[in-house]
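Taken verbatim from Swiss-Prot:
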- 52, 53, 54, 55, 56, 57, 58, 59: ATP binding site (BINDING)
- 105-128: motif 'Beta-hairpin' (MOTIF)
- 441-604: domain 'Helicase C-terminal' (DOMAIN)
- 629-664: domain 'UVR' (DOMAIN)
């Protein structure tokens, strides 16, 4: 297995400190949790659990532990929504450090597949999000360059990317005073996946007389300007990528590739040889099956020619083990391989994230089986895959599992090293659920909703057992003039994002769904959580899920939870006992310290586009995904036109508007909850 390597000519990785900045100090259970977790990591305890209730400040505790331990850190979240939220929070806690974001960069992804029964081949189709691609490259650049790096990632971190050895060996180190033949330098930039372009754009370079401007693949706010006298490099400046106004001068610079899949020429030649060898063996296997034999020969030889000519081909990831030198069946290289041996792994919402880690491999292998069996791909395609859970566990050398309801697996792995964080800084205790009959539950719920709506700014979450029931209840409430909406996996990303925004802004008062846990809904405005048919045992009626649902009302001083059930199931019984235990701990603490429960003030996330910019563009502050994509395209065109006309102030304005729209689009797309 490939592990951390820094082959940048022996250059030292920057050993900066994590500097935590926060307007408050640890309180309640936080100081002891921080002390125990930090000491456990430094003492070599491989696995610990932070059992923290909703609203107890687990993220702040994690930030303090990271600052204390001071090693590169990976925070793993189970979906894009939570990854985005954690990224924003950690950026605020560590503004001087490298806080990065690594999720799947596909806006749309249809994997390659073959359906044998209908003889249907589905070609891979995808749309890559340029902004996320930049953030992914920024993440790997940071972890190779500096130890004060914190990467927040989705499950995407266990999927194969190019090896850190190949990636970093293609980095280009330039120093003032040295000679670099211009033609060779340009050719090297092309091999690094930078393209020659007259316009300023990411992953491109522009030659003008004695100057080469490089627009970095992993940075949108800075470009690099190289100035030469003949072939001697006399100046390196960081500049604004549009105005090219210098920011600061440096004696040297390291330029990283524009793709994780770049490879040195020697590696590429070796890969071509081993691909041909595998092809020859597979053609013998298909002896007597001319259709599969011809198909595989044509497809693979075409790919080989593309790799020879341009160093890349469509679907090159299917040949990944040939480029990394791995043996068949060996784990692929992934983001985890970019980290040093002593890195800290924090698995957030571990009760959901660990089952995901287990599931990723099986789904990937079943799809590729028919592609290999019918000659669309070589068997080495099987090795372009996510890690198995057992392979991923090899990286669990220093891990903290974080959850309000840790699963059996985390508890076993931690071997008793479970640190509780029950006390909420707000003083709000867990609401003790009321059990009411399931018979007549809708009428009873309606009365509860009406009582809540008489109060200002209070919201209601309703958990149903089926999508159809969620839709029916929303329609029923709407007929009665109640602002209600349903939310489930059948809702498109853009619409789901808008529903969540409307709930926060007050346009919607009641939200009905099947699995509202996955949406990351944690709002102080929610004062009532109602679980319909709570006695129907299943995944979303397990004791862990029921405790999580209760936590959704624990941020409001008037929080109330109602379980509609005709019997108390074992899951409900466990939930009631655990909730009472946690509630009593909080009440005792409040009494001892004379604390009065108070609500938290959680600001509504504003549109990142400035008011001035929004007014000039005459668009509403809350835009749909389609509107944002259209805005980005318009701003980009206007930016390039202004730059070409040397109207740099105007170009910078459109650049800022475009980047703000990209950030908002990234946040919206994160709301889809896709695991990668």
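Cβ coordinates come from backbone N, Cα and C, glycine included.
Take the CB of residue 56 (ATP binding site) and look out to 10 A: across all protein chains shown you find 27 other CB atoms. Residues 52, 53, 54, 55, 56, 57, 58, 59 make up the record's ATP site, and a Cβ search at 8 Å around their centroid adds 61, 404, 421, 424 from the same chain. Mean pLDDT for the motif 'Beta-hairpin' (105-128) in this predicted model: 76. Highest local Cβ density among the binding-site residues 53, 54 belongs to 53, counted as other Cβ atoms within 10 Å over all protein chains shown. Contacts of residue 57 (ATP binding site) defined by a Cβ separation under 8 A and a same-chain sequence distance of 6+ are given as 26, 28, 30, 421, 424, 425, in order along the sequence. Other Cβ atoms within 10 Å of the Cβ of residue 55 (ATP binding site), summed over all protein chains shown, number 21. Cβ neighbour count for residue 52 (ATP binding site) (all protein chains, 10 Å cutoff from its Cβ): 25. Around residue 59 (ATP binding site), the same-chain residues at least 6 positions away in sequence with a Cβ under 8 Å from its Cβ are 86, 89, 90, 93.
Sequence-distant contacts (6 or more apart, same chain, Cβ under 8 Å) of residue 58 (ATP binding site) comprise 50, 52, 348, 402, 421.
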